[in-house]
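One structure is given below, encoded as structure tokens.
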Number of protein chains: 2
Amino acid sequence: MIEEKGILFVLSGPSGVGKGTVRKALFDKDTALKYSISMTTRAKREGETEGIDYFYKSKEEFERMIEEKKLLEYAQYVGNYYGTPKEYVEETLESGKDVFLEIEVQGALQVKENFPQGVFIFLFPPSLEELANRIINRGTETEDIVNNRLTEAKKEIEMMDAYDYVVVNDQIDTAVSKIQSIVRSEHCKRERVAKQYKKVLEAELG
Amino acid sequence: MIEEKGILFVLSGPSGVGKGTVRKALFDKDTALKYSISMTTRAKREGETEGIDYFYKSKEEFERMIEEKKLLEYAQYVGNYYGTPKEYVEETLESGKDVFLEIEVQGALQVKENFPQGVFIFLFPPSLEELANRIINRGTETEDIVNNRLTEAKKEIEMMDAYDYVVVNDQIDTAVSKIQSIVRSEHCKRERVAKQYKKVLEAELG
């Protein structure tokens with residue numbers, strides 16, 4: 001009945017909070033969302049696949065895209081670039097599908113500047129202790145990097161105020177279900193749908 | 001983990017849209033919401049019960065409560081008073097429970113003035129034809145009253161702009177599930193929870 005554009009949802013939060021895990025669990029349940037795959041210059045980790053986890057680019061390739069303004073956001077994080085190709089997001093929204101970004105806090109804030117009509121969800125750690133454990137258990141980082149990430153994470157939590165929603169990641173299933181509720185309720189927001197509903201009525205009245 | 005006050009949800013919409021049916025279906029599924037029973041001076045209809053559907057009051061009793069400012073809202077509709085006792089709502093929210101009001105559009109707009117932190121949901125008819133059918137099928141009204149109600153309903157739809165969400169009542173189950181998503185996502189709104197989350201972290205950091 002109602003023709004509607006897609007909504008851009010941005011899931012972000014401190015390093016180690018479990019953004020990737022929650023995003024994967026969400027996409028297992030919800031096949032209507034389109035995941036926007038980020039570009040990065042960081043090395044591929046074991047188990048990751050090009051075009052599924054990230055698009056892996058050289059520093060030179062990435063910087064050319066920055067110059068050509070082909071990124072919705074980009075950020076340097078622990079010495080690497082991460083970014084979101086703009087064109088894919090805009091085309092998908094235009095076609096009526098929702099786009100879901102899962103990115104670092106720096107990138108999310110940039111998307112908010114460039115695309116304020118997006119919906120910004122902050123994934124919150126159950127506790128700082130738990131956050132440290134998760135970073136350590138990832139097992140890919142040295143102690144120095146773990147400490148840096150934890151300091152960084154505390155700063156990132158301060159940036160929560162820029163977000164629309166806060167979801168605590170104590171249970172993955174609960175976090176996923178809350179995000180699904182956010183997606184659903186955003187599609188009922190009056191400022192998104194009122195115009196179309198009024199058009200439907202006017203058409204009916206002749 | 002997070003101590004939180006309840007949220008006031010207000011479900012409203014034009015006469016005949018099915019507010020009562022949706023509210024009952026919602027309460028069958030969700031026992032955590034507290035329903036705020038309205039007061040009215042209109043005659044009890046067949047099948048209705050005092051203290052379940054409404055508190056039925058005389059005109060004199062109702063007007064005394066208006067004078068004493070004991071109502072969160074009140075309105076006259078087709079010659080009768082409808083209103084919401086203030087004290088019950090405030091105490092329930094304070095205890096951490098959500099309150100759910102199902103009221104006419106006039107009353108909802110007044111609640112919005114007196115309690116702007118509430119969340120306002122507009123139940124939208126699938127079509128005007130369907131709305132007319134529903135009013136007629138209720139079978140309690142004369143043709144004149146049906147026509148008046150339909151004219152009123154069209155005006156009420158114009159008031160949609162004062163609401164936070166619009167939910168179309170084409171399928172009761174879908175409408176209920178959307179309202180449940182709205183309730184859930186409102187509890188994740190950053191402006192409601194960020195302060196408490198920050199306190200939790202500060203306590204942890206000592």
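For all residues, glycine too, the Cβ spot is worked out from N, Cα and C.
In TrEMBL, annotation is done automatically, which means it is predicted and not curated.
Annotated features in TrEMBL:
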- A:Gly13, A:Pro14, A:Ser15, A:Gly16, A:Val17, A:Gly18, A:Lys19, A:Gly20: ATP binding site (BINDING)
- A:6-184: domain 'Guanylate kinase-like' (DOMAIN)
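With every protein chain in view, the residue among the binding-site residues A:Gly13, A:Gly18 whose Cβ has the most Cβ partners within 10 Å turns out to be A:Gly13. A Cβ within 8 Å of the Cβ centre of A:Gly13, A:Pro14, A:Ser15, A:Gly16, A:Val17, A:Gly18, A:Lys19, A:Gly20, the residues given for ATP, is found for these other residues of the same chain: A:Leu123, A:Pro125, A:Leu131, A:Arg134, A:Ala153, A:Asn169. A:Ser15 (ATP binding site) counts 22 other C-beta atoms within 10 Å of its own C-beta, drawing on all protein chains shown. A 10 Å cutoff on Cβ-Cβ distances gives A:Gly20 (ATP binding site) a total of 12 other Cβ atoms nearby, all chains included.
Taken residue by residue with DSSP, A:Lys19 (ATP binding site) is part of a helix. The Cβ of A:Val17 (ATP binding site) has A:Leu123, A:Phe124, A:Pro125, A:Leu131, A:Arg134, A:Ala153, A:Asn169 as same-chain neighbours under 8 Å, each 6 or more residues away in sequence.
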